[in-house]
Amino acid sequence: MASAGLLQTSLIWVAYGVAAALALLVAIVTTFTWQMPRERSAIVSTVAIVSLTALLATVFLLPVDIALVSSTTSATLGAKKDWATPGRVDGILLTLKIVYYSLYSLDALLCLVVIPFAYFWYEEYDEVEEEEGTASLGGRLWRASKYTLVFVVLVVILFLIGFFVPAATNDHGKHLDLDYFKRLLSENKGEKALTFSVGLLMTLGTLLYALYTGAGLALLPVSFIKSAPSISAPQLSATTASDLEHNRELQRQLEMRNAGRPDGMPQKDRRELDALLREERTLVRRERLAAEARGDGRSKVFKVWTKIQAVFRPLKLLGGILLLLIAILVWVSMLITGIDKAANSVCKHHCGYILGHINVFQPVNWIFVQSAKAFPVDYILMALLIFLFFTSSITGIATVGIRFLWVRIFQIKKGRTAPQALLIATVMLALIILAINYAVAMLVAPQYAIYGTQTFCANAPRHPGEQPDCRDLPDLVRPCSENLTDPAAKDVCTPTVMSIFLNRITLNWPVFGAVDFWAQFAFLGVFLTVFVTSLFRTPRLNLGEIDEEAEVDEEEGLLASTGRRFGATWQDITGRVRGGGNTAQGQGNGYGTNGSGSRD
């Protein structure tokens, strides 16, 4: 029996290894599909790939957690399996706890230290110094580290606050007398510091999640349904080439007509020629963008992705309809759970609206509980659900862009994302994924995420210390929940490590729990607003928008050069110029056809 349990848990961890490998593949495809080829940096690409992989590995650990605790219990008998001794169960939970804390610590380190360092390292690149051979690796490292030090101080402050500031205590009512809640409050100082830090990051991510993921979840299926382009890239290229040839022919006619005039070209013809020259520049830019849309000059990953999109374009309509139905189902399920928590939570805002048990039928939770009986069906469904939220977040960031209020700081587009924008988007995704973890575990499938398929037998044991027997009494087999006082439930029901960690955040720091919970309704509102709006908007070809693509880089160059603007401020203070490198770098960092190449 012990070998059977070892085999089952080993298969679950193997499935997680496969999911982690797929997460790495998704991170690589996402990074190389979205970043700008001419401004590619090995450090930026590596940091983005590692960060996205670690974040996806963190959320993909949730179904493993659920499967492991569920595997210790017989769902039909409501009793622990013979191999699931207290020691083995504690060992499983300890392994999960170590993996969780390691991944959360890695995520925080990447988000608050490594990514900012990569950002400033890239900003400190000086093309002129590289060409002249005067670039100093030590100087560049010092300048990047100097700016990153601010974020290191921020991390230290977060941990000190979590370490010393007192958390909530058991003074909010009799519900906290339950063993489940007592376990949440009993923790050491190190766990409390990590809980506070992750809770703060998760709350910040929830605000981004409500806006970007809410909009993206509505726009993703609609974009599939309305994916048929008004004009193909080859047709746009051919039309542009024809217009460009016509434009240049008109210029030749004007020049030939005024050739030999002693007083030069008349003002009317000069104005017409100037207009033709401006139109020619626009057409040249449009021709280049059309070539890029075909994949010319792009990475192999981008070209393969473009071909795959073209091959499967007829299936996008059906896929979009299916995604739309899934998104609506998830939205309805979250709304049901949100209302249920708001009305029936055992402790309301004092513990982040923890729900003792589901009081209303919740479709997504029911689907997961039923599919969990045939592992790994539930694992695959959970992985697909997480991937849906992840791609929706990318869609939302790409649509809304990186903004400060109404000012767009960066534009996120396939094949045209600057390295700085890629790093900032990765930080945003890191925070959003923490919020997705909360949403999936607490609202999308709450019962499944906390206890999986675990049940307990409510029949009285025949002898003290024995497990209750429900072989002939299936009606007494009941699902586990947080507010049970039955001793049999305490001995059989094992909550997932993720649910304990999330509920510990909301119970020890109620303000985080309240913000995270009510932000879910903002998420639902954003989804509904964007979805209804997108139903009545018709996609159309906007050549003006295509022409503006080439001008986007100049806008980003003005708003995004954080490191150079720090340097400019310092020069204004000291009155000295640092080797003239910044000006040259600003000229060399353009994103047009003459932009600089790869920067490491």
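Even glycines carry a Cβ here, placed using N, Cα and C.
TrEMBL annotations: computationally assigned, not manually curated.
The region 'Disordered' feature in TrEMBL is assigned to 577-600.
The feature transmembrane segment is assigned by TrEMBL to 12-34 (among others). Residues 45, 48-53, 56-57, 60-61, 64, 67-68, 71, 299, 301-302, 305, 375-376, 379, 383, 387, 390, 394, 412-415, 417, 422, 425 of the same chain, all 6+ positions outside the transmembrane segment (12-34), place their C-beta atoms under 8 angstroms from a C-beta of that stretch.
TrEMBL lists 41-62 (among others) with the feature transmembrane segment. Remote same-chain partners of the transmembrane segment (41-62), defined as residues 6 or more beyond its termini with a Cβ less than 8 Å from a stretch Cβ, comprise 16, 19-20, 23-24, 26-28, 30-32, 35, 96, 99-100, 103-104, 106-107, 110-111, 114-115, 118, 121-122, 125, 382-383, 386, 390, 419, 422-423, 426, 429-430, 433, 436-437, 440-441, 449, 496, 498, 598-600.
Proximity of distant same-chain residues to the transmembrane segment (98-122), defined by a Cβ-Cβ separation under 8 Å and at least 6 residues beyond the stretch ends, is recorded for 41, 43-44, 47, 50-51, 54-55, 57-58, 61, 65, 140-141, 143-145, 147-148, 151-152, 154-155, 194, 197-198, 201, 419-420, 423-424, 426-427, 430-431, 434, 497-498, 501, 562-563, 599. Look at TrEMBL and you will find 98-122 (among others) tagged as transmembrane segment.
Annotation source TrEMBL lists transmembrane segment at 147-168 (among others).
If you look up TrEMBL, you'll see 193-220 (among others) marked as transmembrane segment.
With a cut-off of 8 Å between Cβ atoms, the residues of this chain six or more beyond the transmembrane segment (317-336) that come close are 217-218, 220-227, 360-365, 385, 388, 439, 443-445, 520, 523-524, 527-528, 531. Per TrEMBL, the feature transmembrane segment maps to 317-336 (among others).
What TrEMBL records for 379-406 (among others) is transmembrane segment.
Feature annotation from TrEMBL assigns transmembrane segment to 418-440 (among others).
Among the features that TrEMBL reports, transmembrane segment is placed at 517-536 (among others). Taking Cβ pairs closer than 8 Å, the transmembrane segment (517-536) reaches residues 206-207, 209-211, 213-215, 217-219, 222, 327, 331, 334-335, 338, 341-342, 352-353, 435, 439, 442-443, 506 in its own chain, all 6 or more past its ends.
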Paired segments the transmembrane segment (418-440) and the transmembrane segment (193-220) in contact, 3+ CB pairs under 8 A:
yes
Same-chain residues at least 6 beyond the ends of the transmembrane segment (147-168) with a Cβ under 8 Å from one of its Cβ atoms are 108-109, 112-113, 116-117, 120, 185, 189-190, 192-197, 200, 350-351, 507-510, 563, 566
